[in-house]
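What follows is one structure encoded as structure tokens, with my remarks underneath.
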Amino acid sequence: MQQALLDGPAQLPPTGFTSNIDHPPNSNGAAIALVVICLVVTAAAWLIRLYSRISLSRTITVEDVFGLAAFGSYIGVAWCFISMLRVVGFFVHQYNVTVRTLLYMNYIIYLYAPLYGTTMLLAKTAILLEWARIFVPLGTRDTFYWACRIMLVVNGLIYVAAIIACALVCIPVEAQWNLWVTGKCLDRTALYITVSSFNLTMDLFIVLLPQWVIWRLHLTQSKKIGVSVVFSLGLVALTCAAGHVYANYVLNHAIQIGDGDTTFNFSKAFFWGFSELTCVLLVFYVTAIPKVFRRNRSTDKSATGVADVRTTNGFRVRSPVWLRSISSPSGVKGYQRTNDEDNAMSLTHVGLVQHDLKGQWQHHGIARTELQ
């Protein structure tokens, strides 16, 4: 009796349709294309970031540890995606799968949710730490700095709570994918909609934070646009996050036999969720790409040890390369020479620049960004 139930269709077909369990219509081709493109692009960006830090900067920052580690849990999500593709299929209606297949999908969802939260926790922590490192002058605690710190705390608390809730959504946990185990479960619809909505909000802040600084820099319009584009990949993540919220809203998270069209609707949520994770990781990894592909140019500058800086009165002066802004206790800001041990991008203040007879640099004003 139990085997007959497991091998039967997970839902009665609508009027005029018949179950096609052996060869159900699907969109596996689109799913294969998505997972291959996402994995190849993300892996390449991860390797570029790793190469940039080990071979060029020769230092690993705290954000690198978080960002590079996020790729591990991302691979776990990719495994869930491929398992869904191999066993269930994408955009397969529930009346075209067996009960056994539906229960296996429940198990995939159980693994996917905490892995998704872990990837988001690590990646967004890395992004916020790097944003603060890039856009906040050394020794200062401005509005941008505190905004990043507040978001870091909120991000950590929410995601840790979400990961625990997703892992313990049912007690005992086996009740989530085993029909013959009774247990108590949280309202998964409310949980997943809350988490995906928080993702959307965080993505919005991550997109807006650097733009607020970039468009106040003393740069030409074309350079502002160029720098802005580098930090605008989050717009794609924002779009995917919005799609993920909607997909979770229409999905029946109860996942019971005969209820809704869970297999088909979860495919939408998985598509949006995996795409969102890919974009969030790329937001962090992509800042290292300009440095790697401009290595020859930056090497030439490093050989001379100087670079051009335009002052507010229109004169061009020669200044040490790899400058980053620094603030003294008295509030007077000055330049320091760095070797890109901190960032793939460095900020240099180019407000009022002064140079004394001893070769010391002082300045006042907002920063400009040099893509290294």
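Using the three backbone atoms N, Cα and C, a Cβ is placed for every residue, glycine included.
Under the heading transmembrane segment, TrEMBL lists 29-48 (among others). Long-range contacts of the transmembrane segment (29-48) within the same chain: residues 68, 71, 74, 78, 81-82, 84-85, 90, 267, 271, 274-275, 278, 281-282, 285-286, 288-289, 292, each at least 6 residues beyond the stretch ends and with a Cβ under 8 Å from a Cβ of the stretch.
Per TrEMBL, the feature domain 'Rhodopsin' maps to 48-281.
Remote same-chain partners of the transmembrane segment (68-92), defined as residues 6 or more beyond its termini with a Cβ less than 8 Å from a stretch Cβ, comprise 24-28, 30-32, 35, 38-39, 42-43, 46, 49-50, 101, 104-105, 108, 111-112, 115-116, 118-119, 122-123, 126, 263-264, 267-268, 270-271, 273-274, 277-278, 281, 284. Feature annotation from TrEMBL assigns transmembrane segment to 68-92 (among others).
Listed by sequence, the residues of this chain that lie at least six past the ends of the transmembrane segment (104-123) yet keep a Cβ under 8 A from its Cβ atoms are 66-67, 69-70, 73-74, 76-77, 80, 83-84, 87-88, 97, 155-156, 159-160, 162-163, 166-167, 169, 173, 176-177, 192, 195, 199, 255, 262-263, 266, 270, 273, 277, 280-281, 283-284. TrEMBL lists 104-123 (among others) with the feature transmembrane segment.
The transmembrane segment annotation in TrEMBL covers 144-171 (among others).
What TrEMBL records for 191-213 (among others) is transmembrane segment. Outside the transmembrane segment (191-213), and at least 6 residues removed from its termini, the chain residues within Cβ reach (under 8 Å) are 113, 117, 120, 124, 127-128, 131, 134-135, 144, 147-148, 151, 155, 158, 162, 165-166, 169, 228, 231-232, 234-235, 237-238, 241-242, 244-245, 248-249, 251, 253, 273, 276, 280, 283, 367.
TrEMBL lists 225-249 (among others) with the feature transmembrane segment. Away from its own ends, the transmembrane segment (225-249) comes close to residues 189, 192-193, 196-197, 199-200, 203-204, 206-207, 210-211, 214-215, 217, 219, 265, 268-269, 271-273, 275-276, 279-280, 282-283, 286-287, 290, 345, 369, 371 of its chain (Cβ-Cβ under 8 Å, at least six residues beyond either end).
Feature annotation from TrEMBL assigns transmembrane segment to 269-288 (among others).
For the transmembrane segment (144-171), the list of distant contacts is 110, 113-114, 117-118, 120-121, 124-125, 128-129, 131-132, 135-136, 183-186, 188, 191, 194-195, 198, 202, 205, 209, 212-213: same-chain residues at least six beyond its ends, Cβ to Cβ under 8 Å.
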